[in-house]
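A.B. asks: Could you have a look at this structure, given as structure tokens, before my questions?
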Amino acid sequence: MTAVSLGIPAVPPPPLAPRRASRQIMVGSVPVGGGAPVSVQSMTTTLTADVNATLQQIAELTAAGCQIVRVAVPSQDDVAALPAIARKSQLPVIADIHFQPRYVFAAIEAGCAAVRVNPGNIRQFDDKVKEIAKAAGDAGVPIRIGVNAGSLDKRLLAKHGKATAEALVESALWECSLFEEHGFRDIKISVKHNDPVVMVRAYRQLAEACDYPLHLGVTEAGPAFQGTIKSSVAFGALLAEGIGDTIRVSLSAPPVEEIKVGAAILESLGLRERGLEIVSCPSCGRAQVDVYKLAEEVTAGLEGLPVPLRVAVMGCVVNGPGEAREADLGVASGNGKGQIFVKGQVIKTVPEGQIVETLIEEALRLAEEMGAELPEELRSLAGGATVTVH
């Protein structure tokens, strides 16, 4: 007799499948594939030729937690800027090459950590593979075969009718085979599409067909809200199956926002240690406090807190006490006041107007107890200082 036959739900499988076995490459100092942690990357939006602006944006990405950065190289002026950027960047730099095979050699010579090539729009690319493989191999520079639905080779479009998952995979594996003929396997692959369903199907096929590390991305995902949804759905499905070694959330938004979303996706799946997590109820007719405002003010007040801390902001006595007790720190609100919980214990009850101030003070105290080095803007608030929320 089984649990199912007794009407008892079977023991659920682990939430995530084991990571897919893949080769490992090094993008600068960052391992990709081979069981390494899933890395988060982004792409600069500056003119690469503007070295100072590009380095400034890379510094902002570094502070946000980015691990690898890609820069566009559409012109000779951009090529000329690569040596300075590669030398001064705090992150490994990937040169993004389209149309011009000769720029690949220039990027390798400039000291870039990796090169992305798009086989769909480099006409002479196939003829240059032998030379590229030798140059990249000699320099220890990996190549990303970056296939994109928007620039798929016309021959494959004619064969498949449109940019199907099968067409994307065929393009990627064909280009990989050309490198393999010359003994070069320091490769990672991406097969991006703007439709998450097609994208997921393509990566699943690719994961079964090869052992190269995979870079996940939904191309042209859209503005921040839409792009976040598309990437979260697609990445969540694949990463839960163990597929994916590095990710880039493409958003029509500042690059730093891509890093925030990417890191949050990994944290949500348990693939990265959680940072600050605000748990708040969606509010309903039972709420006796403005939950939206409380949650926003607590989030803003603790931005940059470098510890895995769960803070619950609850608006009523139904789920509030339970959620607050499960969190590291929380409040259950009602009747113009809030019960403050720390590690499951009520430590005080404060007037509604002091809830945000108290939560921030207690969060900073817990962070210091955990040995966290607080950012300058938070350090002055620690130690019981009064917090003013505007």
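Every residue gets a Cβ built from N, Cα and C, even glycine.
Pasting the relevant annotations from Swiss-Prot:
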BINDING   CYS281, CYS284, CYS316, GLU323  [4Fe-4S] cluster binding site
A.B. asks: According to DSSP, which of helix, strand or coil covers GLU323 ([4Fe-4S] cluster binding site)?
C.D. replies: helix
A.B. asks: Which one of these binding-site residues has the most other Cβ atoms within 10 Å of its own Cβ: CYS281, CYS284?
C.D. replies: CYS281
A.B. asks: Taking the Cβ of CYS316 ([4Fe-4S] cluster binding site) as the centre, how many other Cβ atoms fall within a 10 Å radius?
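C.D. replies: Its Cβ has 19 other Cβ atoms within 10 Å.
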A.B. asks: For GLU323 ([4Fe-4S] cluster binding site), list the number of other Cβ atoms lying within 10 Å of its Cβ atom.
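C.D. replies: A count of 20.
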A.B. asks: So, in DSSP terms, is CYS284 ([4Fe-4S] cluster binding site) helix, strand, or coil?
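C.D. replies: Coil, per DSSP.
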